[in-house]
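One structure is given below, encoded as structure tokens.
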Amino acid sequence: MGILDQKKIIVMGVANRRSIAWGCAQEMAKQGAKIIYTYQNERMKKSVSRLVNDDDHLIECDVSSDDSISTAFQKIKSDFGKVDGIVHAIAFAKKEELNGSILSTTRAGYALAQDVSAYSLLAVAKCAHDLDLLNDPASIVTLTYFGSERAIPGYNVMGVAKAALEANVRYLARDMGEYGVRVNAISAGAMKTLAVTGIGGHSNLLKISKERTVDNQSVTLEEIGDACAFLMSNLSTGVVGDIIYVDKGVHLI
Ligand code: NAD
């Protein structure tokens, strides 16, 4: 018996097998969850289809569009009924703004990073609530990074977006509690994914992050996925509005 038996969970943000969303989906499926995947666009669908050989469980959803979120969630509700959780593992900023000095951030680039990486959590939660898509209890988990608190080289505008995302987690947790919905974030250690390769000097970031773990071993997708499974499960009903580090201690050192 798994801790997520009978639970249906939407996983947003699988791009390929290195994606943190994929690690979360895999570990949650091992715990008995049925996973429904959303993908950003047709290009992403091609790559996700190599991992998920079931078109019925793949739904398009571009979080920069309220219409797209609404269409996706309506389809999910009509195909699968209410769900027990949503994993939001989505972020984006322009590559040229993830480099050098934050002084080169443009107004448009700042707004884009905030929209896709921070506002989208509110948009997703609001749409799920408006469509009565979430069971009581349900859990929403997003992915953040330590660059929200410290000035990490190259992370710049994304660090600012992650700070906003973490604040969104707290306010959403406060306001969704009455509907039985918990909201939390995992602050994951640095891992080589498609998103990370957009950050200037990412090889150095990954190297230093590994050196700063307590055992000189980078966190794995499985470890992040297991924490996600815990936060989705009824084992974590007392954890609300929190940012849980799953980074092998990098934030300590
Ligand atoms: P990834 O590139 O595998 O995943 C990012 C996903 O965001 C992709 O699937 C992409 O399609 C999706 N996305 C971007 N814009 C979108 C939009 N408009 N609509 C829908 N989807 C959109 O990279 P990842 O590292 O697995 O990133 C997942 C999350 O984890 C992000 O929030 C990232 O900031 C966070 N995170 C990553 C690390 C790391 O080191 N990789 C560390 C901590 C937190």
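Placement of Cβ uses the backbone N, Cα and C atoms for every residue, glycine included.
Keep in mind that what you see is a predicted model, and the values were worked out from it rather than measured.
Quick look at what TrEMBL annotates:
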BINDING   Gly13, Ser19, Ile20, Gln40, Asp62, Val63, Ile90, Lys162  NAD(+) binding site
BINDING   Ala93  substrate binding site
ACT_SITE  Tyr145  active site, proton acceptor
ACT_SITE  Tyr155  active site, proton acceptor
If you count the other CB atoms within 10 A of the CB of Gly13 (NAD(+) binding site), including all protein chains displayed, you should get 26
Checking the recorded positions Gln40, Tyr145, Tyr155, Lys162 against ligand 1, those whose Cβ falls under 6 Å of one of its atoms come out as Gln40, Tyr145
Gly13 (NAD(+) binding site) and Ala93 (substrate binding site), compared by Cα position, are separated in whole Å by 15
The recorded positions listed are Ala93, Tyr145, Tyr155; by CA-CA distance, the one closest to Gln40 (NAD(+) binding site) is Ala93
